[in-house]
Amino acid sequence: MKLAHWMYAGPAHIGTLRVASSFKNVHAIMHAPLGDDYFNVMRSMLERERNFTPATASIVDRHVLARGSRKRVVDNILRKDKEESPDLIILTPTCTSSILQEDLKNFVDRASIISDCNVIFADVDHYQVNEIQAADRTLEQVVRYYLDKSHTLDQFVTDAPSVNIIGILTLGFHNRHDCRELRRLLKDLDIRINQIIPEGGSVEDPKNLPKARFNLIPYREVGLMTAMYLNKEFGMPYVSTTPMGAVDMAECIRQIKKSLDILAAPILSSKRVDYESYIDGQTRFVSQAAWFSRSIDCQNFTGKETVVFGDATHAASITKILAREMGIRVSCTGTYCKHDAEWFKEQIKDFCDEMIITDDHAEVGDIIARVEPSAIFGTQMERHIGKRLEIPCGVISAPAHIQNFSLGYRPFLGYEGTNQIADLVYNSFALGMEDHLLEIFCGHDTKEIMTKSLSTDISPIWDPESRQELGKIPRFVRDEVKINTEKFARQKGLLNVTVEVMHAAKEALS
């Protein structure tokens, strides 16, 4: 565990809750003190769901500390079983309640004897892993639980080409849009989708996972452990190349073809898809990104520097797109997924000047300040850093704020995703003529303190000391302070604003 003002990846219980609330008819109970139960509000705000988030807090308070948690935890499990009739209840502690070192697994075993639904304890080390690792582990645990429970499995794969998409979940960065784009891609390739988990899936679905011919893992962060388990237990091949960008899209499609050819079972398909012709047609005519990268607009980016930072999947993919497909220099790229550092380094070693593996936003901010790039592509934190340094930033990875949970269709994967990324890159830079005009006219985004007054009265003159004092006031109240001070000065018949006048105005308005 780590005490920090801000973190890229949240605590482990958030990952477990994300997986639980992605499945249909699954309820999560977190054994937590007040303050750790913010997930419900966060998910409702960002995902803008109509339904309530299926998560309940079993509060750790002074009574629990005095008597122990067993009765309260078991009672909460049985109450939710009766009220919601879920297929599964997942119990998880938080990093705070884990300090109590209670045997919650024993409480789950006791409750599962009495309850009508299945109950499992999230087997996650809250001291060692973060939100992403916990989500990956919890999904694998749920799949393993239901496959172990189904002793007699129909091991025959489907006659038609089929796939499981593993790793689409709630609060994922553009995950729902990406899922729609993957559906369209697989339909074009005449591949039937067997299961999509966990988002929108039922916990009864995992027992049918082995029927698919292969598994597709769009993001390394969640789903890879499940795919590796299915590969080990059932010999199912999996594709983990993220279909982001024209080059990796082509590579992903070729790996899909290779995975379909692995199994000896004959494929009965209504049509034979020429994969190479499909790649060529989509790259040349559907995706506008390939054409755009050769246009004069994209050539204007030559020589401009960028910094990329995000989760391993998105940071690596965006770095390769910028350097390989758009010819933009990536001065530094990095990820906060320290557990996946080796894979990340291998992916981007030929596409950037330097790399950073850290979960400390201050280090990232220092690098951005040193490099002074023309644009940043990162998370919500890099967006804040960019605003402070007056550098434009495109958000390409979680964690993100509500503006990146768009209602409109904005995938990052697939051929439509290449268009979205090209737009994001183009709009994140100051355009060529815009740069030129800013130089000529000394910039339109002046740092001078502006007034919003429509009055025709002559404004009092601010002396250098008072201007410096005004500049120290936070921006969100600065204009109001300026207007109130000038109004006070006019009422007193003063032509000059000094620091003393500012203090007098403040006292008069207090």
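Cβ coordinates come from backbone N, Cα and C, glycine included.
Swiss-Prot annotations:
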type	residues	note
BINDING	Asp36	[4Fe-4S] cluster binding site
ACT_SITE	Asp297	active site, proton donor
BINDING	Gly432, Met433	substrate binding site
Recorded positions: Asp36, Asp297 - member with fewest neighbouring CB atoms within 10 Å: Asp297
DSSP three-state assignment (helix, strand or coil) for Asp297 (active site, proton donor): helix
Collapsed DSSP category at Asp36 ([4Fe-4S] cluster binding site): coil
C-alpha spacing of Asp36 ([4Fe-4S] cluster binding site) relative to Asp297 (active site, proton donor), in angstrom: 48
